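Novice: The structure under discussion is supplied below as structure tokens; questions concerning it will follow.
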């Protein structure tokens, strides 16, 4: 099969260049890219006026299968990814059973082969994500796990986390840390501050995140292993990561779109789709996160896509589960809130959604080099539409961005040379 993407502006994160090129794909691989490539017999995709970038990678999603298929399945979650412009997703292990052994990792891999995009499983750090004993890391790596995390739960035992970093380091893998001190966050439902006091809701202090970020940076520094800080939300965390990088600590970090767009004031209407963990923080925290994105302290933009059923979220704020969906709004939020606002250049934004997550996970993606898998996202910077959850491919509708006009949207998603989404419609 041959496909020619013609007339687009190629954003190349490896070369660090943006230039008009045609991209020629043969049998699922990138054959070549250059000016005015003419190839007889190829299907032509006109990308004039659009950005052609390596397939976007979301390294933090919750696909909910096995065990929570009412919220999402690998089938629906990968379709949501395709509609959102993502060609690869890495799914967290907080399923039922927990993905803490090779058998569950193999099941997710097998189901992922039938999905619309590439699926990379992340294995649990501890058995059952209970934080008591290490899971079988070697078996999970052999089965296809690309990283280890107890996301949704912190590893409270510092000695256990130290051993996890040591073992992961020996395997050449990264540990993704959900930084939350449960002794500080216990019972909290939103950011601790003026708004939580006004609403009468128990708060989660910034220190609940920051003390664990500091701990895991120290453990990574001592062991020489790699740690990736998930969903950074506070100014203090950004500062700690920036200082650690300056010392040469092998730490990387990600931020979710809701943490660079929304503050705790979004909770004023008691909309349970604003209930996330870590919580929406103060305006100062949002500004610090944006600064961390701009100066390279934060390496990756990842959604923390966390679908829930309408019934689960349609309860009092205190009782609702944490989480919001993000796969189908991420690109629009990045382009509207960061690129159009001048926080990031288009190239910087693409690097944080392609090359950097690929490098953190150690997967052969995020490039448009000849011979690479033909995973490509085409973004139309002029395309705009309001967020309409009724059009989501995800089972989850729990978004606080309902009705928000976003400009700069994925126009086509190509996985292995096959167009899986075009004109906002999944094929």
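A Cβ is built for glycine as well, from the same backbone N, Cα and C atoms used for every other residue.
When I checked Swiss-Prot for this same protein, it listed these features:
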BINDING   60, 62, 151, 304  Zn(2+) 1 binding site
BINDING   62, 63, 64, 94, 277, 308, 322, 323  substrate binding site
BINDING   151, 178, 231  Zn(2+) 2 binding site
ACT_SITE  304  active site
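Neighbours and distances for these, please.
Specialist: The secondary structure of residue 62 (Zn(2+) 1 binding site), as reduced to three states from DSSP, is coil rather than helix or strand.
Other Cβ atoms within 10 Å of the Cβ of residue 64 (substrate binding site), summed over all protein chains shown, number 26.
Look at residue 178 (Zn(2+) 2 binding site): DSSP puts it in coil.
Non-local contacts of residue 304 (Zn(2+) 1 binding site) by the CB criterion (under 8 A, 6+ apart in sequence, same chain) comprise 60, 61, 62, 230, 231, 256, 276, 323, 326.
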Novice: For residue 322 (substrate binding site), which residues of its chain lie six or more apart in sequence with Cβ-Cβ distance below 8 Å?
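Specialist: Same-chain residues close to residue 322 (substrate binding site) (Cβ under 8 Å, separated by 6 or more) are 275, 276, 277, 306.
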Novice: Enumerate same-chain residues with a sequence separation of six or more from residue 63 (substrate binding site) and a Cβ-Cβ distance below 8 A; give 'none' if the list is empty.
Specialist: 72, 73, 74, 77, 78, 89, 91, 95, 108, 119
Novice: Using a 10 angstroms cut-off on Cβ to Cβ distances, just flag whichever of 60, 62, 231, 308 is the loneliest among these binding-site residues.
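Specialist: Each of the binding-site residues 60, 62, 231, 308 was scored; lowest Cβ tally within 10 Å is 231.
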Novice: Test of understanding: give the count of other CB atoms lying within 10 angstroms of the CB of residue 178 (Zn(2+) 2 binding site).
Specialist: 25
Novice: Taking 10 A as the limit, how many CB atoms besides its own sit near the CB of residue 277 (substrate binding site)?
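Specialist: Counting Cβ neighbours of residue 277 (substrate binding site) within 10 Å gives 21.
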Novice: In terms of Cα spacing, which of the binding-site residues 64, 178, 308 are within 10 angstroms of residue 151 (Zn(2+) 1 binding site)?
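Specialist: Taking 64, 178, 308 one by one, the ones whose Cα falls within 10 Å of residue 151 (Zn(2+) 1 binding site) are 178.
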Novice: Could you round the CA separation between residue 178 (Zn(2+) 2 binding site) and residue 64 (substrate binding site) to a whole angstrom and send it over?
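Specialist: On Cα coordinates alone, these residues lie 18 Å apart.
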